Each structure stands twice: as structure tokens, then as C-alpha cells.
Amino acid sequence: SRWLFWRVTACRRRSGGSKRQVILFILCVCVCQSGAETLRYSLAEEMERDSFVANIANDLGVAPSQLAARKARVVSEGNEQLFRLNQNTGVLTAKESLDREEICPQSDTCILFFKIFFENPLQLIRGEVEVRDVNDNSPVFPEKEMVLEILETVSPGSRFPLESAQDKDVGSNGLQNYSLGSNSHFSLALGTGKGGEKHAELVLEQQLDREEQRELNLLLTATDGGSPPRSGTAHILIVVLDANDNIPVFGREVYEVRLAENSPPEQLVVTVAAADSDEGSNGKVRYTFTQTSERSRQLFELNPATGEIRVAGKLDFEEAQNHEMVVRATDGGGLSAHCKVQVEVLDANDNAPEIALTSLTASIPEDAPPRTVVALFSVRDRDSGDNGRTECAIGGDLPFSLTPTFDNYYELRTNAGLDRERTAAYNITITAMDWGKRRLSSQESIFVQVSDVNDNAPEFTQEIYTMSVTENNSPMLRIGTVNATDADAGKNARVNYALVLQEGKEQPDVSVNSENGDVYIRRPLDYEEVRAFEVAVRAADGGSPPLSAQAVLRVLVRDDNDNAPVVLHPPPDSSAAAGELVPRWARAGYLVAKVVAVDADAGRNAWLSYELVAAAEPALFRVGLHSGEVRTARAVAERDATRQRLVVLVRDGGQPPRSATATLGIALVDGFSDAHLRVSEEVSATEPDEPLTLYLIVCLACVSSLFLATAVAAVVVRVRRARRRETETLPTFPKAATESNAGSLPRSYVYDVCFAAGTVNSEFRFLRPLFPCFPAGLPPGPGNQRSSVCSQDVANLGEEGD
């Protein structure tokens, strides 16, 4: 595409004739037709707000209505919008007054870029506005007054550079020239730098004389090239300096000072002074250290103006007892003089004693003898005299002492026996103190461990350990723990447990864990066989030789309800037909029989209770709950069956309970002999003949004799205690059913022993209790219900015995 660059200069004045307008119109048409991309304008800075820049509609050859229709707008580059486009007139104006020095401070040319956007169709036209500089800034010097100090001996022709003025304008409006006010000593020389900047220098034309004129005042003027030009001025003060023809002189060549080492910082040591007869800077003296060590420079501070020497660091007599410094005094002309300052440091008690360990035994055995060396150390004090003399001590009531040896060395020794179990470690504090007026001290802590010796046997927490286990336990059941402690430490306190086995005895039923003392039952136990046993337990430590202690372990076996009751009477293998005989005249409460049972268990597991569970006539009989006595619950009636069969349940008190049953056969009879004969015949018919008659006769004779003696004794007792009721006692059961060889019936029950006549075989049977006979006038009752038939039974017994 073709490029056409053109420039339209917008001015506030409207000038020129119709010819210029025609040419402008033709150029705009050409631009629109050729698709020009950049519009260039110029605008003077500092124009008022909304100043005219250009008529965009005329320049582009577009009707003002087209600008609004195509939504024309102007956008400036950057964040700030500097121009505004009127869509109705097509005039581009500046939104604010433009300051070239603010917009383009470092550039000679200031160009602002903008873009004009059209829509429908989309079109972009670039434009730029050059902001022309206006001479609105005057040259400015950095300082309004410049001071120059020039020696009076400076030769003519010497040059002295001056500060340059600054002008924010550019081009011809910038800084152009310097001028100097009229005087007889100086002239002005101008120069130009590489960048075009101009600078000025003072040139001495005539020799200065301080005695004639001490100061000169000059006026320097900077002028720019604007129209009209602007200017700035600065005052130049020339100070004529005196020539240095006198050197400083100290009052003394050597300054001697004595200073305590504990002097605080900023303390004045000495003031050196030098005088100079010159004036001004030549007579002004400054002080500095020279030929002085770096350490002295750190300890002392010299004021360069006043000559005061003060303490700056920490003086140490032990480090250096003397310090020598050389002070140089220099005037403003460079002439100088020297003096010496000698400082003697006086000792002060500022160092505490120092304790240094040479050897240390960190651990000593508790059986170490007295006077055993534990540590060796030395004490040093860097001070001198009494300030450096020291003494040592240990605090507290400890079994240790200090013994001086040589060259401030001390030994720490034991002075008594040690016991680790009482004190396992000692923290010994050693205090060292000097002999100064203000006594200083220091401390050192020594930690001494007391090592263990096997001097303590294990101790059981109990002399007798009682543990219990329920019988029928599982093997290796844990039932408890034996515990022993040892006051020693380490392996000396490691306790092992073991049972003490006795020679000739079997392995006990318990075992002990050797490490933790847990007690286990090795096999199931039976309360009925073993109810308790004891073993000895030994606890031995791990020392060499080992120490030990013993305790008694008592194991109690608790009963478990593992045995059912055993019925002793009636015998389990007896026939129910050969049962008890009850006369039909028996009243309520008549004792029929007694069920006797035992339980091999103990405690509640052996508490027996009796219960009637089956009977042909349940209302006729009752069973004592705890006695097992079977009695009539009511009087026997004629309608009651002759044969009665009772089943008695015997239950123990265990959880869960165990039980057994006993079966009783009862015959209701009118007379004792007939009933006995019928029962004997029935039995003889069902049993085979056996050769026991002889033995039965012998037993019958013995029993008869015993019966007669018992009957006589009973009559005597009854007479003496006629008014007392007979007391019934519970049976005493043996430990096991197999151990019971004799009956457990109370002595108050005596039964007749009858022999069945007319048969080959004979047997003993419990018939009914035999009561003593009472006088005829005594009314019958539970204790004398047999009184009416007593004599007859005795007679019948005699006959049957025959």
C-alpha cells in the first residue's frame, strides 16, 4: 500500500486565505483516499484546558455525522487520557493543560501518541501530537550561595570549578550563558561538555592577600536563550585563607597517668593540648594517635578536636600493665607535632578464681575405703597480691573433703563410707574464694556417681503369700505373683525366682516364673484330695556371689461343686418293697424314716436339702427340708393304700446344684407281727436260700443284748427328764462317702431288729423307732406314741428271738 505522511499544524489564530483552505481540503481528501495511517499535530505546552488540537473530521474528510454513527473515539497511549474527541464537530482537544517538562522530563522532543477507532466497519487511525517547548522555566543553581576557601598564596591563573545551573527547558530555551559580576581578582571561563551542557570556572587574575581583604562577594548569573530570556543568580563567597607558617606546640612532651583497671568506659584519662599561633584553619589543631598499638587504640579513645583521651574498652592489669601512646597534633595547614602518653594500669580485684579439673573419677564403688581420691583440680587467680591468694571449700554435709597438695592443687577425697542405696550420686560444689577486700569467688560442680556393689539381698514384699485356686483348674493357670525387690542396681538388682525343692518329696503342683514371679498351677487340683499346701520360694539376685531370700507360698484350694450327694440310707441297691412299716393308727408327724445323705464337697456345696418329688399319696407324707426325716403329714386313714412308694430328691447348695434321689417303700399295717411276717414271706419267696442263718443268729443275739441295755438306759434318762422335749440333732457326715463305716443317725433313734422265723435266710430290717414305755396316765403324743404297745413289742421280740 502507499504511504502518505502529512502534518497539519493547528493554531489558535485563524489566518490565511481561501487558498490555504482549499489546499487543506485537497490534502484531507487525498489522505482519506490513500488510507493514511498516521496523523501528526503539534501543540504548545501550557495551553489552557480544552485547547484546540485539530479537526479530525476535516483532516480525514469525514462528515461529523459519520463520527457519531461509527462511534469514533480517541485513546491515548498510557494510563492517562490526554485528549478528547467531540463526535458532533470532529474537533480534537486537550483535556488538561500539558506541561512538557512533566510529561517528557529527560527528552528534547516530546511526542504524545493516540489512536482513533471507528466501528462499522472497524478502522484504526494512528496519530501523534508534538508538545512544543515554551520558555517557562528559568535556570536554577543547586545552591543560592557557593563558598570557596582559597589560600592567599595561590598563584594567579588558578581555576576553580563552579556548580552548574539547571534549566528544565530544552533547545534554545535551555541554559545558554554565564556571567560574573564586576571585580578585580577573578574572571569567568565557560566550557561545554560532551553532552552539550555548559559549565563555568573562576580564574584568579590577581594575587589574594588575606591581610588586605579576607572575603570577596561575587554574583554569578545564568541566562537561557528564550524570548524573552530568563536568568538565575547565585552568590559566590571567596574566603581568603591564611598561609600556615607556625607549627602546633604541646605543653608537655610526656603525659604520665595511673589508672585503675576497673575504670568504667568514658572515664577521662588525660587531656593533651597543643597551641598554634596561626589563625583560621592553620591555627585549628586536630589530634590523632600515631605509632600506637591496635590494642591501645581499642582501649582508649582520643577526641580529635579537644585532645581528651577516655577509656573505650575494658582494661586488664593481667593482660597489660602499661600502655604507651603517641599523639600527633596537626593544624589546618598540615604542620604537626607529637607527644607521648604513658598509662600505668593499677591492679584491682576483678578476677574471680578459676577452677580447672585435672582428673575426675566419674564413678566410684560404694565399698570404696575412706580417703579414696575422687578428683584432682587446680585453682588460679589472675590478680596479684592478696587479690590472687585463694582458698577452697565444699558445701553441705557430704562424705568428702579437700586436701591441698602443691602449686594450688587440691585433691577431693572421701572421708566416710558410701552407701549407694541411700545416695546414688553426689553433686559436689567446690567454692574457690580470693583474699581481696571485695572477695570474689567461683564455683565448680563435680558429679560423682556411686557404683553399685551387691551388698543387699532381695526382700519379699510379704513373708507369706496366700493364693487361692478353684479345684478342677486348667493346667498352667496363673494364680498370682510373688514379688521381691533388691535395693541394689543393675544386674545386682535383677531378681530370679525359684521354688525350694525338698529332698524326698515330689515336684510341687505349682511353678514360678523365674523372671517376673508369676505363680502357675501345673495341673488340675482336687479339693477333696488336697485342700491346701505350702512351698518355699527363693528370690536370688544376679550379683557375684548372689544373695537370696525366701518366702512361704501358701496355696488354698477352693471347693467346686463337682460331687453329687450320696444317699447312705436307704441303700441305693435295696428293694423298694422291703421298706418301712407304718401303723394305720399313726397320727400326723409320725416319723416314718430318715433319708441320710452326704456330699464330699465343702461349704455351700455340701449343704443338703431334701424334697419329696413323687408319692402315691402326696398329702400323706412330708420330708424335712434339712433333716431328711420322712413324717406323716396327716393321720393315716383307712382309705389309704397299703403300699406307698416315695421318691425323695437330695440337692446340694452348689451353683449349679447337684442332686440324687432315694426311693422308700412304705407299708401301712394294722399289727406289727402280721405285717412283718407277710413282708418276710414275700422277700423269702423272691430271694434264693443262702447259708447265712448262723451268722444272723449270732448278730441277733448281740443286737438284742445291746437293745436291752439301751432300753434300760433310755428309761432312766426319760424319768429324769420327763418334762424336757427330745432334741434332734443333724447328722455329722464324714469327709467322703467311702469313709463312713457307721451310720449317721442320731442316738435318739433306736430300731428293732427282727428275724424272720420259718425261713432259711434271715435279714435285718429297720422297722420303726422304739420308744420307752410311759405310765398309763400319760397322754399319748409325738414322744410317747408307742407307750401303748411297748410291752407287747418286747414280748413279741422275745418270742421271735426264740
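Yeah, the Cβs are placed from backbone N, Cα and C, and that goes for glycine too.
Note that the coordinates shown come from a computational prediction; the quantities given were computed from them, not determined experimentally.
Record features, source TrEMBL:
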{"type": "COMPBIAS", "residues": "784-794", "note": "compositional bias 'Polar residues'"}
{"type": "DOMAIN", "residues": "39-141", "note": "domain 'Cadherin'"}
{"type": "DOMAIN", "residues": "142-250", "note": "domain 'Cadherin'"}
{"type": "DOMAIN", "residues": "251-355", "note": "domain 'Cadherin'"}
{"type": "DOMAIN", "residues": "356-460", "note": "domain 'Cadherin'"}
{"type": "DOMAIN", "residues": "461-567", "note": "domain 'Cadherin'"}
{"type": "DOMAIN", "residues": "582-693", "note": "domain 'Cadherin'"}
{"type": "REGION", "residues": "782-802", "note": "region 'Disordered'"}
{"type": "SIGNAL", "residues": "1-36", "note": "signal peptide"}
{"type": "TRANSMEM", "residues": "694-717", "note": "transmembrane segment"}
Secondary structure composition of the domain 'Cadherin' (39-141) [DSSP: H/G/I, E/B, coil]: 15 helix, 40 strand, 48 coil
Residues in the domain 'Cadherin' (142-250) grouped by DSSP into helix, strand and remaining coil: 3 helix, 54 strand, 52 coil
Counts of helix, strand and coil residues, the domain 'Cadherin' (461-567), according to DSSP: 4 helix, 48 strand, 55 coil
Within the domain 'Cadherin' (251-355), residues counted as helix, strand or coil by DSSP: 10 helix, 47 strand, 48 coil
Residue counts (helix, strand, coil, in that order) that DSSP gives for the domain 'Cadherin' (582-693): 20 helix, 43 strand, 49 coil
